[in-house]
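Data first, discussion second: the structure below is written as structure tokens.
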Amino acid sequence: MRHLSRHIPLLVTLLACAFLLIPIIQSILAGLTVNYFRGLSSGLTLKWIGQVWELYADSIFLSIKLALACLAGTLIIGVPAAYVLARNPGRATRMLEEFISLPLAIPGLALALALLQLFGSFHGFRTSWTFILVGHILYTLPFMVRSVVSVLAAIDLKTLEEGAASLGAGPARRFIDVVVPNAMPGILAGALTVVTLSIGEFNLTWMLHTPHLKTLPVGLADSYASMRLEVASAYTLVFFVMIVPLLMAMQWASARAQRIMK
Amino acid sequence: MTQRHFIFLCLLPLAIFTLAFLAIPLGRLILASRESEAGWGIYLQILQTPRYLSTLVQTVAVSLAVTVAALAISTTAGLFLVRNRFAGRNALLSILTLPLAFPGVVVGFMIILLGGRQGLVNQLLPGHWVFAYSIFGLFLGYLYFSIPRVLLTVMAAAEKIDPALEEAARTLGASPWRIVTDVLLPALAPALIAAGAIAFATAMGAFGTAFTLATDIDVLPMVIYTEFTLSANIAMASALSVVLGVVTWAMLLIARSFSGSAVAAGG
């Protein structure tokens, strides 16, 4: 009995892994077999991937476009703001950070309802891809800001800036030549997080999208509801191929940024 | 350009963006919730209408069950992975954190592959085993995305526990079980509360997973969605959104007061 109980943690770990991994393997297999219900004996095929490409290539390109635009937006809005937040720690700064972090705490559905009610009547904006972009920036901005702030807070920014100022560098020069290079590990980690989250975002996007603007996850939901299992699986496989390398790069960059901070 | 001008310029994009797309829309949402005949009384109406009340109770119940299960599984696995080094450990860790990047809809599809009509369980076991669209399927879906989040929080905290504490307990004759209950769990308590609050908040607000699985189940995000799109009951959808937002926000505030940072994303 004692012997058995020693192995319970290992068993729980393996069962949890199996629970998470088995459906992933199933979806990979289902996306590549001729007939999933008859099993692998029906043969392997790329037919379903081809069909996904025909049906949903637009959604994949839209998601990539959104992710890149979202990255640009979070860089422009987030990096300068993170600099100010890191440079002036205090109560007001904390409250501002708290406020822009609200989209992490409030479910995407509620945020989307708020945006829809305010901007629903602005037709040109409501039906354009920039409406979805606003939602994505709103949701990913806190990740960029926090990532950059935590790196900048760990270095002695003040002394570095004073050094540059004594050599005659103005505020903008110092930002570009001192702050940004020092913040780079945080910017990189933040950028990979932003792109990964934007490509996978569903909760806001589902509410904000129009029938002509389907992102990858919206297309996935569509295929789960209306396509045969093989096509839905093949589409999911395409999504995995895009998101898993991004997730790994993001985890690597975050670990690197944390190492540099120590 | 002076320093003050430059700081103003740095904050300007953020100020414009958050004002236009966060502050004003949220204000509008709160005001929209009182635009029915009931006015602010709509929040009382939520508690008085059986359908909304049972939805609230059901959502809280599922979220609590998921929180307890995820804490039990992830704490066991997390402690095991922190305290043991072996070949394949990193592979297990990668598998356990993989779902972090999955949107809720994909998590829902994973459960359909396990418990749907063409699912694994239905193929392996004789009889009709379709549970993906039941409350149990929803529970499994929420568990699927909660395990990685709780695991990471627990492991980060477990790595900081001084190994000397455990050694001291062992030399004093404590059994492995006593070490877990008297040394490790108390040291982990803040992280467990934080991780639990994150799991609970994420489950409460999970829309994507519910959207795929809960076609016949009333959970809060689905009810908000149908009130808004099908019934066009904007005031009630707004009021329920405000309630949901306040609950998840409060949970994350709790999480953060117990550990450094807290993020509830996705679902």
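Indices start at 1 and increase along the chain as displayed.
Cβ coordinates come from backbone N, Cα and C, glycine included.
According to TrEMBL, the feature domain 'ABC transmembrane type-1' maps to A:60-250.
Taken from TrEMBL, the feature transmembrane segment applies to A:60-86 (among others).
Positions annotated as transmembrane segment by TrEMBL: A:98-119 (among others).
Annotated transmembrane segment per TrEMBL: A:131-155 (among others), in sequence order. Through the fold, the transmembrane segment (A:131-155) approaches residues 66-67, 69-70, 73-75, 77-79, 81-83, 85-87, 89, 97, 100-101, 103-104, 108, 111-112, 115, 119, 125, 179, 182-183, 185-187, 189-191, 193-194, 197-198, 201, 204-205, 208-209, 213, 215, 254, 257, 260-262 of its own chain, all at least 6 residues removed from its boundaries and within a Cβ separation under 8 Å.
Summarising the annotation, TrEMBL assigns transmembrane segment to A:175-199 (among others).
TrEMBL lists A:232-253 (among others) with the feature transmembrane segment. Within the chain carrying the transmembrane segment (A:232-253), a Cβ under 8 angstroms from the stretch's Cβ atoms is held by residues 24, 26-32, 36, 48-49, 51-52, 56, 60, 185, 188-189, 192-193, 195-196, 199-200, 216-217, 219-220, 223-224, all 6 or more beyond its ends.
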Cβ contacts under 8 Å made by the transmembrane segment (A:175-199) with residues that lie 6+ beyond its boundaries: 63-64, 66-68, 70-71, 74-75, 78-80, 82-83, 136, 139-140, 143-152, 155, 157, 160-161, 164, 169, 216-217, 242-243, 246-247, 249-250, 253-254, 256-257, 260
Long-range environment of the transmembrane segment (A:60-86) - Cβ separation under 8 angstroms, sequence gap at least 6: 93, 96-97, 100, 129, 132-133, 136-137, 140-141, 143-145, 148-149, 152-153, 157, 175, 179-180, 183, 186-187, 190-191, 194-195, 198-199, 213-217, 219, 238, 242
